[in-house]
Each structure stands twice: as structure tokens, then as C-alpha cells.
Amino acid sequence: MSQTSEPLATSRRPTSMARREAGTAILFLLPSLIGFLAFMLFPIVASLGLSFTNWSLLAPPSFVGLANFQRLFTTDPIFFTILGNTLFFTAEYLVLNIVISIGLAVWISSLKIGQRWFRVIFFMPTFTPTIAVSIVWLLIFTPGGLMDYVLDLLQVNFPNLLLDPNLAMQAVIVVTLWASVGYNMILFNAALDLVPQSYLEAAKIDGANAWQRFWYIRLPMISPTIFFGTVMTAITALQVFDQIFVLTSGGPGSSTATLGYAIYQNGFQNYQMGYASSMAWVMFVLIMMLTGFQFWLQRKWVHYDS
Amino acid sequence: MRTLTRLTAIALLGAALPLQAAIAQDEPVTLTWTMWSGSDAETAVWRHLADMVTEQHPDITIDLQTASWGDYWTRLPVQAASGQLGDIVAMQSLRAPNFYQILEPLNERIDGDGFDIDAFDSSIVGGLSVDDTVYALPYDVGPWMIFYNKDRFEEAGVELPEPGWTIEDFTEKAQALTSDGNYGFGFYPVDYAMFSSALGVDYLDEDGNLALNSPEAVGAAETLANLVTEQEVAPVVASGPDSGTITSGRFDSGNIAMYVDGPWVMVNKAQDVDFEIGLAPLPRGEGDLEAVTAGSGFGIAATSDNKDAAWRAIQVLTGPEALEYLGSEGRALPARTAQQASWFDVAAADVYGAREALEYSLEHSATYEITSNWNTVENLMNQYFPLALTGNQSPQQVMDTIQSLATQ
């Protein structure tokens, strides 16, 4: 840097160029930046404001201080059920999703032929709208529907998933898994293909069996991708709404009422926008906390050295 | 330089546009009409009505915007909050206590124009009024009744229901009609209010507050739940947004022999079923029948810029000619008493007992008792009542829960 005077002379040119480039960059970023400001930042800030008000949508909002949050945590008889349902759904769905998608990815990458076909087949449900997927599953699960009919034929006595408060959430999880396991599968499959063959061959020569090669080499090598998949899946799981809206409307009783559904119900069906906003903020904080926790946890199991 | 010219041109054009709009004020006006619709057949009926307006008032064009019944009530408050309300807003009597403030009071226009409001059924004018102020002109009125599959009754050798029948008669017939996976009755949770009223049971207290967990109200819930759990004459329904549609669909397919609906549904039923439909009033309890009615009408948005044109339009939409048409299409029992015959003489001409059932119900009509958050109560019914139908909870527990959630 200080060896010659040359850098001094050129050091001004990059600055003015950088400035010009920054201007261009902002210009290019503007479309998405405006979108972010108008459709993300503004609503987020507005909902924080609304969470301190009572707003029926028909009359202007009135300020009520912390009353909404007080009602959430002290008087609402089902808020903690809703919170519990949300966490239960997220935990079970997340574990099943990651395990199944890794399983599928490993299986597909081991195939000699037809890899592409299987990738497409399993990925297909993820670009089908969840509402459409859920309506088809509703026809399968509904009392007297396809599933009841098949179980009847097989003479299996099993309660209807949508009628049993203990099983309704399992129906929601099955539908969600079917609809979105393909996304992580594609991610993991791509990551597996990037693991250098030489590592696996070296391990093979050293006498590592298939399981050892998977557990000690491939899995650690794709752990950054698994981490990404886990974080993204957890966030969407905490926000689950479409499937519940179509399949159960939160019922029977409150057995499938999650935060996402309760926000819709309070805001758009009961016309209590302020209360719904306060729930949205609980959800926001919950997602932040759990994501933060996952980032903290990743130090223990994610390997970034390649 | 060229860009500058172009920019100036655009700016000038932009300035000219509002000017044109201002001139257009006295000339043709386009009114937005927000309406619910459950099928293409129904939308075609509403479009026909919109054309009637243009025919009578060539300066008015109607932009009809439809949404499904459920979505309509989700969109309406959002449109109100964002200033996007249509000029003409459809309103139902059960929702009027919740939404009346977004509508223009009509009393002055009614008095000023000497509009004959007495030509309408008075109960529905009352239903669309709040504190003696009329907020919408009604197009229909109707009691909930029992729709039945006459063919199934005859196959099973069951006597057809007569006006004045009791809940015991009803249960007996339902039992006789239940066999081989077919059911005598199809129940869905929102039926609770119509059934309780028919049986003479109050689910509100004297002050009009919700009292779903009073012994009387719970008793009615037990009677209904027993139809599913003990007598097994009606299938279980799951909680979900569409239990009403599913029940109606099962009736159409012949899977259930009786279900509850109103005269407005005839426009779809006539096309959907291939058996003969019969109509009976709701069954009564110990006392006289109390048949609740509801109806809908058209109001003018309080925020509309075209209130005068909208007033002219809703007079056509609820005029004798329009209601005659709605009645004969089976979309509505006309709110104008003089036009009501069009419904049972034309739309329900092939429906057995339609006239008797309707007249009996109207003679025994009662106000549909509701709270201002009735939307919430109905949603909670859909969500929680199935627990009592599967036996997971007692009707008492379910009604306690709904009461506590609806009044918090």
C-alpha cells in the first residue's frame, strides 16, 4: 500500500467509481427495495402499532395500551393451547420432514438410472398450491371419504382422522409432509452430489462400510445444507395456515388451532385486528427466538470446512 | 430533448384525465356492486339484475363483483377499512347489527321520494334496520325449512311430513329413513340456532346476551347431538369451513333424506338433484313453531361518490320486476309480498308442499335472535360442535366452551 505513490493517485478513481456503482446498484435494487418497504417493513411496523389498539376494521382503531397482550397471556382460555399446538406441529413435522427428505435424497442419489425422474416426481407437490393439495386430501380424510372406505374394505377399525381431537393434527402433518418434503429433498440431493467422490473412495479403501461412509463423511459434508433446510422448514412450520384452513378450521375444538390460523380467525372472522396483530407479534418473536436458538446450536453440528 | 417532450406529453395527458372524469360526472356513471354468489347459475341471475338497472337508467352501468358467501364477509370489512367499498353493498339481516355503520341511512330518501316501503314484508325491513333507521332495501326474506327427498320417503314407505309436525315425528321419520349407509337427516352445526328457536328454546338471555350454556340451551344441543350420537340418524360432520356445503351436497346425491335450508337455495337445487324435492316447516317442540327468518338487501356505501345513482339502482334491484324475476328463478322468496307467488308458482312449482310449508312458516315466523358478533358464534359452532357429535365432549362442555370464547 505505502510502497509507492501510485496507489495514492489511483485511490481516488475507485472511490468515484464506487460511488457511481453504488448509485447504479441502488437503482437496480430499487424494485425489490420498494417492494420490501411497501409490503414487508411497513406492514410489520403497522402491525406493531395495531397490536396496541382495538380495531374492528369498520371504525378507526382506538389505543388500548397493552390490553391485547394482557388478554393473550392472562384471560384468553385457548391461547396456550394454540401455542402448544404450534410448537407440537413444528417439532413433529420438522423431524419427519428432515429425516424423510434426507432418506429420499440418499436413495435417489444411489440410483443408477432414473434419478431425474424421481427428483421431478417428488418435487412436483411443492409447486402445486397448498390449497389445492389440501382440498384433495380433505376428500380423502373427510368422514365417509376415501380413507374411511378403504379402511372399511380392509376391515380395519381406525377412527376418522378429522373427527378425533388427538389425531386431527396428524392429518395436517401428513398433508404438509406430502406437499413439501420434495423441496428439502432437492436441496439435500444436490448437496450429496457435490460430495467429492475421492473422499468416499478413500474411505472405501480404508474399509468404511456404506453406513460409515454416510454417517461420517456424507452427512457432515452436507450439514450446512441441512442446517439451511432446517431453519427454513421450521419458519414455515411455525406459520402453518393453508392446510388447517381447508382441512379442519382449527377443529375439532381447538385441537388444530395454530398461531397462523388464530391470527386469521381473530382478524378476518371475528374482526379483532388489534388482537390478531398482537398474536402476530408473539409469532414473530417466537420465530426469531427459535431461529436464534438454531444458529446457536449449529456450532455443535454444522461443518463448514470443505 | 426527445425524452423531455415525451415527459411533457405524459404530464399533460395526466392532467387532462381527471378533467375528463369531472366532465363525465353528469354523464354515464359506473356503479360497483359487491355481491355474494355460490355458483355460475347464481352469478348469471345477479348479472341479469344489473342489466335491468342499465335498461331502466341508461346512464348507469353496473360493475358486478361477486365472492362466495364466506369470503364476502371476510372481504367486506377489509374493503371498508381500505376505502374500497362498492357503491352498492349487499347486506344480510343477521350481519346488519355488525356492519350497519358502513352503510348510508336510507330514511330521508325513503320519505323524500315517497318510496313505498310498506310493499315489503315488515319483518325483513326490520331486520335490515338498526334503531328504526333503514340501511338497506330488502330483496328477499325467508324462513329456514326442511328440504326432503320425496322419492326416499316413498321408497321407505314413510308418511310425508305435514306442517305442525313435532320433533318426535321428525325423529321417528328420520329413523325410518336411515338404512344401508343412507341417513334420514343431515345436520350441520349452524343449524343449532334455527332448531332451538323452532323448539321454542332461547339461547340469548332477556338482555339479548349470549346464553348458550343455560340449561334450556344445552338441552336443545343435546337433542341435536343425540340425532347423531344415540339415534344415529344423521352423519357426523367434521369441523371445517364447508360443513354446510358438504351436507347440502350429500342431500343432492341422495345420501341424506332431509336437511335444513331456505327458499334462496332453489336456484341451485333445481339443477343439482334428480329426485323430487318436498318442503316442510321445521318441526316444533311442545308449543307452537317459531320459524326464524332472515333475508338480505342492498344498501349504499356511506363512502360512495355516487349515492344518488346508487339509490336509483337499488330501487330497480329491489323493484317488483326484479323480485318477480328472482322469485321465478328460485334465487329468493321476494321481500315484496305481492311478488312472493312467483317463488312457489314458478321456481318451486315442482316442489311438493312448497306453498303450504312456506305459508305455515311465515304465519309462525319469529325474529332470528342474534348478538352483534354472530359471525364469531357461528364460526365457533362449526369448530367446536363436532366434538359433541363424536362424543369426545358432552354438549354441556361444548356449549360452555363456545359461550366462554364468544363472550371473552
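The backbone N, Cα and C atoms fix where each Cβ goes, glycine too.
Any TrEMBL annotation is an automated prediction that lacks curation.
These numbers come from a predicted model, not from an experiment.
What TrEMBL says about this protein:
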TRANSMEM  A:25-58  transmembrane segment
TRANSMEM  A:78-108  transmembrane segment
DOMAIN    A:83-294  domain 'ABC transmembrane type-1'
TRANSMEM  A:120-147  transmembrane segment
TRANSMEM  A:167-195  transmembrane segment
TRANSMEM  A:215-238  transmembrane segment
TRANSMEM  A:244-264  transmembrane segment
TRANSMEM  A:276-297  transmembrane segment
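Scored by C-beta pairs under 8 angstroms, the transmembrane segment (A:215-238) has its highest count with A:167-195, from the stretches A:25-58, A:120-147, A:167-195, A:276-297.
Long-range contacts of the transmembrane segment (A:244-264) within the same chain, counting only residues at least 6 positions beyond its ends with a Cβ under 8 Å from a Cβ of the stretch, are 78-79, 81-83, 85-86, 89, 131, 134-135, 137-138, 141, 162-166, 168-169, 171-172, 175, 238, 276, 279-280, 282-283, 286.
For the transmembrane segment (A:120-147), the residues of the chain that approach it from at least six positions outside its boundaries are 104, 108, 160-163, 171, 174-175, 178-183, 185-186, 242-243, 245-247, judged by C-beta separation under 8 angstroms.
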